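Undergrad: Handing you a structure now.
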Amino acid sequence: MYSGAAAAAGPPRRDFISVTLGPEEAVGVGGYNNSKAWRRRSCWRKWKQLSRLQRSVILFLFAFLAVCGVISYTSMGEAWKSITNKSLDEQRTEQEIPGLKLANPAVLPAPQKADANHGDYPELSLQKPPKPPHVRRGPSNLQIKAPRRDMRLKIRHDTIRAVEELVEADKVEKTEKSIISWRGAVIEPDQSTEPPSSKIKEPEKPSSVEAEDQKEPVPINERQLAVIEAFRHAWKGYKDFAWGHDELKPLSKSYSEWFGLGLTLIDALDTMWILGLKEEFEEARKWVANDLVFDKNVDVNLFESTIRILGGLLSTYHLSGDSLFLEKAKDIGNRLMPAFKTPSKIPYSDVNIGRGTAHPPRWTSDSTVAEVTSIQLEFRELSRLTGDEKFQKAVDEVMKHVHTLSGKNDGLVPMFINTNSGQFTHLGVYTLGARADSYYEYLLKQWIQGGKKENELLEDYTKAIEGVKKHLLQRSEPKKLTFVGELAHGHFSAKMDHLVCFLPGTLALGAHNGLAADHMKLAEALIETCYQMYAQVETGLSPEIVHFNLHAQKGHKDVEIKPADRHNLLRPETVESLFYMYRFTGDKKYQDWGWEILQNFNRYTRVPTGGYTSINNVQNPSNPEPRDKMESFFLGETLKYMFLLFSDDIDLINLDKYVFNTEAHPLPIWVPA
């Protein structure tokens, strides 16, 4: 059909092609007419003209492009869903707080479902812990890519962090900062915390951890799995019989109210996060979002509501990055402020959080020294997060006032202080037990929290420890256990509360932060004593109070227990100190001692239908006389410290980055920018 002819001789030479259309083609019958059918036949002829190799290459390219398209569509769909599915709660938060920044990714990873148990408990199904995600490590200036999207979406359901992760993923190749995956969380290594200034500022983001310190997570071991099982058993009883109420009564399958604010639930929030109990945490979060209301006509104790509720909410905010908990913390913090409206600025013990009024107990105008000096960590942190200095100013005034008071004995303080005069009362009685204990604890911890700059706090703490050595230390017979007694008007009493067992851990924490080495030696001696308060008792559980024998008597142990003191409330202080001692020394005996205590809790206080109960008689293994009450601190403190004690991961609440309040809620240490 095609023909060609050469041009005539002579320059320039021109080539051309002539095309002749036949009749059918000209009229569009049977030839090219631009119809779809003609084009299909024409394409098919061209396809058949290709070699088999050419056709194979083309088919492979089309298949490859199709696979890439499916993968891209799935990835973009997840990213778009993460951005567009912003919760109504977060939108409302942004409307109410125009200047609020998005929270940083969680300091700890979102809890992973922990279906695990230990062989001693048949209802558990033991599983191997999931293989941790690969973590790249390197110097601080090394460029490290953010974790894969599927990992990041799995570690946090929170849409605020989902948006931030997308932003960080876009910037990761441009920024000069290292971004490292630590247990699934995206960390900005240069993020730091600061003390509050006098200026109002936007709420602080949750603290983050320096990249160069990150290590691969340590797998959960069998003892930790046993703690998880114990927590779930306790939580089952609370959920079934006391949901949303303050405390479980496991034997009667009911509950008791103190403030009517869900104390057990709030106290346990950060424990669930640390233990990796994702489902339980989410369920509790929904209750906080929908049912936790502080606008009610109820009197609450300033100290207890601060350490349990305010401390628990602040800690959970830092661990999860969820702004819901910060908003609730601000609400309760503001409602507690009327307590400080006293002539002396020493706060009243009780506050009506609905009416905005405060008052001392009905029988006295005194407050206990421990209560007014053990709310500082929480209110100071609330100021740092909100930029509102009123919270820190109120509690700092209390500490400065107590610092100047007379009536101390070589740093030891009396148990009571008057809210009108601001002076110590009931002079001459000194103890590290009830009503005074956490005063000493918070002296050290405030100093650590503030970056070791507030010298008055350190001065008061070190002086008090010297006072303890001088006036309160004695050794028992026959094992010569070192213990802390009490002093009443110059007379020594060999009485020691279980509450005093916070002291070994506090001493060890001080030594870790550069204080005298003999503080650690004293800590080692005292933790041995606290362990013996369990080991020398028939059930292996400590009573609330013991008396030590100062003189050797045939057939007598070091520890004597009076009938009124032989109850056990599931307290955490010994386990708390075991945690500090193991973390700082690595001595496995402290883990073994804690394991014995957990087994005895399971043996004598565990209720089959769910929960654990306090007992009245630690000396009677056959009938420990259950009291039908599970204190909120059993979930908030005892089991949390157990889990941390059994862990070999020093970054699981790193003690160089966090300080625990007296209810075991970790708060960040302020690091200067």
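Cβ coordinates come from backbone N, Cα and C, glycine included.
Nobody curates TrEMBL annotations by hand; they come from automatic prediction.
Sequence annotations record features per position, and here TrEMBL assigns transmembrane segment to 56-76. TrEMBL lists 110-148, 183-216 with the feature region 'Disordered'. Residues annotated as compositional bias 'Basic and acidic residues' in TrEMBL: 199-216. What TrEMBL records for GLU304, GLU544 is active site, proton donor. The active site annotation in TrEMBL covers ASP437, GLU573. The disulfide bond annotation in TrEMBL covers CYS501-CYS530. What TrEMBL lists as Ca(2+) binding site is THR662.
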Undergrad: Give the residue from the active-site residues GLU304, ASP437 that has the most other Cβ atoms within 10 Å of its Cβ, counting over every protein chain displayed.
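TA: Neighbour-count leader: ASP437.
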Undergrad: Pick from GLU544, GLU573: which of these active-site residues has the biggest number of other Cβ atoms within 10 Å of its Cβ?
TA: GLU573
Undergrad: Give me the Cα-Cα distance between GLU573 (active site) and GLU544 (active site, proton donor), rounded to a whole Å.
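TA: GLU573 (active site) and GLU544 (active site, proton donor) have their Cα atoms 11 Å apart.
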Undergrad: Just to confirm: which same-chain residues, 6+ apart in sequence, have a Cβ under 8 Å from the Cβ of THR662 (Ca(2+) binding site)?
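TA: The list for THR662 (Ca(2+) binding site) reads ILE307, SER374, SER438, GLU441, TYR442, PHE502, given in order along the sequence.
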Undergrad: Please report how many Å separate the Cα atom of GLU544 (active site, proton donor) from that of CYS501 (disulfide bond), as a whole number.
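TA: Here the two Cα atoms are 11 Å apart.
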Undergrad: Near the Cβ of CYS501 (disulfide bond), how many other Cβ atoms are there if near means within 10 Å?
TA: 29
Undergrad: Determine, to the nearest whole angstrom, how far the Cα atom of CYS501 (disulfide bond) is from the Cα atom of ASP437 (active site).
TA: 10
Undergrad: Non-local Cβ contacts of CYS530 (disulfide bond) (under 8 Å, 6 or more apart, same chain)?
TA: HIS498, CYS501, PRO504, SER542, GLU573, THR574, SER577
Undergrad: Take the C-alpha atoms of GLU304 (active site, proton donor) and ASP437 (active site) and report the distance between them in angstrom, rounded.
TA: 14
